[in-house]
Amino acid sequence: MAPAVAVVAAAAAFPFRLFSAEARRNTKGSRSKRGSARPLKPSPPPRPSASSSAAGGGGATTFTRLPLRNAPASVEVTLDRFPTANPEPRASTFTRRNGERLGDDEEDEEEEEDEVELGLRGATTFARLPLRDSPDGGDLTIGHFDAGVAPQEGLRSRAISRQLVEHLDDVEEEEEEQVVSRLDIFEGAKGREARAFLPDEDDEDDDVVVFDPEYDGYSDDEEFVATAVEQSPRGDAIAVAELEKLKYDNDDDDDDDDEVVVFHPDDDEEVDVFEDYDDDEEEETKEKGVPAVMRCFDTAKIYAKAGDGGNGVVAFRREKYVPLGGPSGGDGGRGGNVFVEVDGDMNSLLPFRKSVHFRAGRGAHGQGRQQAGAKGDDVVVKVPPGTVVRSAAGDVELLELMRPGQRALLLPGGRGGRGNAAFKSGTNKAPRIAEKGEKGPEMWIDLELKLVADVGIVGAPNAGKSTLLTAISAAKPTIANYPFTTLLPNLGVVSLDFDATMVVADLPGLLEGAHRGYGLGHEFLRHSERCSVLVHVVDGSGEQPEYEFEAVRLELELFSPSLVDKPYIVVYNKMDLPEASERWNKFQEKLQAEGIEPYCISAMNRQGTEDVVLAAYKVLQKDRQRMKDDEEWNGPENLNHVADAIKRERRAPMNEFEIFHDKGTNTWNVVGAGIERFVQMTNWQYSESLKRFQHALEACGVNKTLIKRGVKEGDTVVVGEMEMVWTDEPSKTRSSKTMNSKDDSVRWPEFG
């Protein structure tokens, strides 16, 4: 008992012609395969064939070709409904009532069709089909809208008789249990796309499906299939509309009329095709994230890869009067290294917002006459002072670069493969074997900046921190009379004498709960850990400056207990305001009772700021002397320890391995840095490489260990990138020549 669904396909530039009744009868027998409909139903009823439909079978299908504007191809829209009990085909775009035609005279009907055709030139029509097994057929109407008008403005009629809904309310229970697929709306590149989902039992809302075929990336010869199912308020299917094939020319981006719209069956309000889909449920409000500029100021994630080594070559000396020249294949060049260098001119990680991938060059391949390949180009990642380098995989701190000019080797390049000249021996004077270059290490790296400032200015929002920085340095931060004016840390250099300077950082304001993520201060609290001295600015115009001072101190302690142990200076600001002057004595007495001597200033009038600068510099000199003594005691720091660890792993012996057995698949995995590196550098295009690999497995004890663990014939053995099938026949696993070869063929040269 599925009522008809309204389908609108707009064609702006070409007239639309209705098929006559006789033409429709003729087209039923030659129904196009592209126009076949597929109801989105788990167990659809049997569909009538085209021949049975033409002979007066139970089902009826109409299809209409709508030419798109500026497109040589066309759109085929198919309406499919379930078979009816009436054997007469009911495919018609004209109004029917109780299953009968309005006019008994066929000539009158043809005249009416001609009138409709003339009246709808340049417009689009949509058809409504009668209900399945409906005793009265329902009231079905025809509506249209002008193609030159926007769809939501030109719609003339979409009314379906309320009898359809009333009839569906009386449907039997067994038919209510009929499960069909439902559709939802998903945003696309241009427009929206309809996709099918299984319905929920409690979901009784009607679905409105709006499909816009204008998508980026589709060429003229590509196709898109869209299917829509309308549901009644009780959940059973009304009708199915399918856009089987769509071909269009997307050169004209202004063609907004080529659309297929499926409307509510019982909603008289216009459906806005171009507006967002509105389902009466309230959308969840997402918190606004940190802006990209702030997020990338002191954190970044980059990808670094060292260069692969060049391949060795197989070559022989061919020279006049030298009949037995011997092997002359050269070794491949070493891959480029990845360095991390501190650039004193940088003060943020914003350059890494667009530059993410850093790849060193690959070593050149070897050549004849024992010519080794050239080394790959190195790549240098420049970072500001105070950058911490961590591994993104394990969150392990790798490096901490503090001073400008520091340079650390992060990833060493891969070793070049050996040519056949390196495999020459007394028993093998003309080797036909060479190695591939070693792959360079790669990793994702997290960069975190902790500004290297001598003095850090902290405090509540709108306390006058930026104003103080402007008064004591040449920095020009944004200053305004509202909280959170400072969104990013600002740096300024304070000069006392010709050779006495200090760097001062103005940090964003702190709120109560900043250590848990409230406000903006928690994003930049890490920068205060680098500061030798903290200047705590208190807003004297506040109602409770004592409470503000204690709250900020508590937030610093909760974020990092080491911040409380740092020397700090308390500055009472805005003494130019009367209310601040009135509260100064009370604030001073409270802090003096705790052993703290505060300073009162007016940063706006630059009164009292010199005393603050001298006090901070005095504390800074003591801290610099302490750090210098510690550095002389501990000695210079090794910045290449990450590369040294990679080199040690490369020198791992081949006899250090582990074997893991997967009983479900009878797979034996041999894991070891040395044996896996051997497999990766083996060039399998040479027959001698396989013999060398078989001997290596025997020499390092892999075969012996597998036999002890109970490997059986037919099991799979995986060593690095090589996968083999184990066999007990010695003739298939190794040859006599391999057994007689020397162990020198599997040894590695020292890493250089």
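Each Cβ is built from the backbone N, Cα and C atoms, and glycine gets one as well.
The GTP binding site annotation in Swiss-Prot covers 459-466, 484-488, 506-509, 573-576, 602-604.
Taken from Swiss-Prot, the feature Mg(2+) binding site covers Ser466, Thr486, and the record attributes it to similarity to another entry. A sphere of 10 angstroms centred on the C-beta of Ser466 (Mg(2+) binding site) encloses 25 other C-beta atoms.
The compositional bias 'Basic residues' annotation in Swiss-Prot covers 26-36.
The compositional bias 'Acidic residues' annotation in Swiss-Prot covers 103-117.
Swiss-Prot lists 740-752 with the feature compositional bias 'Basic and acidic residues'.
Residues or ranges marked as domain 'Obg' by Swiss-Prot: 294-452. Mean pLDDT for the domain 'Obg' (294-452) in the predicted structure: 89.
Marked as domain 'OBG-type G' by Swiss-Prot: 453-621.
Residue counts for the domain 'OCT' (649-728) under DSSP (helix as H, G, I; strand as E, B; rest coil) come to 32 helix, 19 strand, 29 coil. Summarising the annotation, Swiss-Prot assigns domain 'OCT' to 649-728 and lists sequence analysis as the type of evidence.
Under the heading region 'Disordered', Swiss-Prot lists 19-121 (among others).
Annotation comment: Swiss-Prot describes 728-752 (among others) as region 'Disordered'.
The annotation transit peptide is assigned in Swiss-Prot to 1-90 on the grounds of sequence analysis.
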* Report, in whole Å, the straight Cα-to-Cα distance of Ser466 (Mg(2+) binding site) from Ser602 (GTP binding site). => 13
* Structure fact -> Cβ density check for Asn462 (GTP binding site), other Cβ within 10 Å (all protein chains) comes to 19
* **Among Lys465, Lys574, which are binding-site residues, the residue with the most C-beta atoms within 10 angstroms of its C-beta** => Lys465
* Asked: Measuring Cα to Cα, how many angstrom lie between Gly459 (GTP binding site) and Ser466 (Mg(2+) binding site)?
  -> 11
* Asked: In whole Å, how far is Ser466 (Mg(2+) binding site) from Pro508 (GTP binding site) when you measure between their Cα atoms?
  -> 9
* Using C-alpha atoms only, work out the spacing between Ser466 (Mg(2+) binding site) and Lys574 (GTP binding site) and round it to an integer in Å. => 13
* Given the binding-site residues Gly459, Pro508, Ser602, which one has the fewest other C-beta atoms within 10 angstroms of its C-beta? -> Ser602
